[in-house]
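Features reported for this protein in TrEMBL:
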- His74: active site (ACT_SITE)
- Asn147: active site (ACT_SITE)
- Tyr357: heme binding site (BINDING)
- 27-412: domain 'Catalase core' (DOMAIN)
- 494-513: transmembrane segment (TRANSMEM)
Amino acid sequence: MADRDKATDQMKLWKEARGSQRPDVLTTGAGVPVGDKLNLMTAGPRGPLLVQDVVFTDEMAHFDRERIPERVVHAKGAGAFGYFEVTHDITRYCKAKVFEHVGKTTPIAIRFSTVAGESGSADTVRDPRGFAVKFYTDEGNWDLTGNNTPIFFIRDALLFPSFIHSQKRNPQTHLKDPDMVWDFWSLRPESLHQVSFLFSDRGIPDGHRHMNGYGSHTFKLVNAQGQSVYCKFHYKTDQGIKNLPVEEADRLASTDPDYSIRDLYNAISNGNFPSWTFYIQVMTFEQAENWQWNPFDLTKVWPHKDFPLIPVGRLVLNRNPVNYFAEVEQLAFDPSNMPPGIEPSPDKMLQGRLFSYPDTHRHRLGANYLQLPVNCPYRTHVANYQRDGPMCMFDNQGGAPNYFPNSFSAPDTQPRFIESKCKVSPDVARYNSADDDNVTQVRTFFTEVLNEAERERLCQNMAGHMKGAQLFIQKRLCKHSWGKKRLIFRSFRWIYVIIYFIFLQVQNLMAVHPDYGTRVQTLLDKYNTEGKKNTVHVYTRGGASAVAAASKM
């Protein structure tokens, strides 16, 4: 027999854990004992099914409704449970009770995922990884819905649906379409940083245990004195960074598409509990005002030399889910879940997610999704004026008043929990941020973070994927592309007069670094030349019918 792991032996281990217990009595969903689950109730051995066969209707009706909508992004994932332990005091920055003293532990749930693939897709594809952490704190749930990268493809939430559509399937062919992927990326130069990270070695992590996690967004921390700073969250793997070579990732995609889920499950089952060291970066309001970049721009990092990592604690996973659907598929993360002391910043992507995430959970799981055990803020007492709705699972807050204000000792507000003040003075408008220096940090990543071998693999990986896109898209990304916009006005003589031309530069790989653009373009030229050599051309006379052409073959 081939070597078997804990994941493969799950049912065997479940049976062993029951010991000498006799099997439970099989029942319907209503708890009624079932005597026969192998044969339909029919009128005679060859007769039709009877409507009174409630064993069948109970079983089939539930089966027909088993599936819920999968997540529109991050559909394929793994989850586990554990704890967060404070190892360093940061109460000077934040009053949240989750950080109130060294040694404090808080239960957590973490879900890892790919982004663009469907629920059945392979774990080892080149894709960012979701890294979402739910802290079950004394002051309600805190959800950090981050990724394994500190940056993202876009900085404006209005672009998010289009970005995701470009990474999904073509609406007619239902195939992944490199034209869609690279057309969007090449038209939005702010994506260059994340695209470069994606096609580097870290684009294919070796499972979930060997990658870092990031809150990615900028948040605001408030201390007990009401003083505020901006903050970023980081969690660095204690197992060490490991990535998969392209060839190994491709092999695993065909032989073990659930590789990362299996690796995490087996590690925890074997007592090899994965952990991450939790850090923050802090930026004062004054620093934010004077910093060379927008501190709320999700396409940029805060350099560690300017804003060093401050250790906070550890994330440890020590329990696998008892049931995947109940504890992972229904696990819902919402970045608007923040306890007192942690608040949102003006980050446009974060602001968009504050609405989108709870909205999609209400669609997938129902209006009362926060009553599901895995989402329930069980370490605090929920008291509000929300009532009823599908799948209300508790006492619906009994006989307490369902309106506010009232005179009957029902839940009341506490001024000490009012959010901190912030100044908002600019004009309300739609501000275009497409050209907010999309290249400087990418250049640093290419020239200083990566070594020569890593730069070469980055260019090979990028060209190998981009070769499927049309030539004009390839050229747009690799070379300087100049477009012109003609501004005209109509004179009283109805004569069009050209006033001037404005030349707009599309920033791309060549703008990041000439070597970057040249390497990728050289590889693409090679692929395109080879493609032409391998193309079979079929020539027919103009107007010749298919039948006539076939008769001469």
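The backbone N, Cα and C atoms fix where each Cβ goes, glycine too.
Predicted automatically and left uncurated, TrEMBL annotations should be read as such.
Taking Cβ-Cβ distances under 8 Å and a sequence separation of 6 or more, the neighbours of Asn147 (active site) in its chain are Val115, Pro128, Arg129, Gly130, Phe131, Gly213, Tyr214, Ser216.
The secondary structure of Asn147 (active site), as reduced to three states from DSSP, is extended strand. If you average pLDDT over the domain 'Catalase core' (27-412) in this model, you get 95. Separation of the C-alpha atoms of His74 (active site) and the residue listed as 'heme binding site': 12 Å, rounded to the nearest whole number.
Shown in sequence order, Thr145, Ala332, Phe333, Asp334, Pro335, Ser336 are the residues of the chain, 6+ apart in sequence, with a C-beta less than 8 angstroms from the C-beta of Tyr357 (heme binding site).
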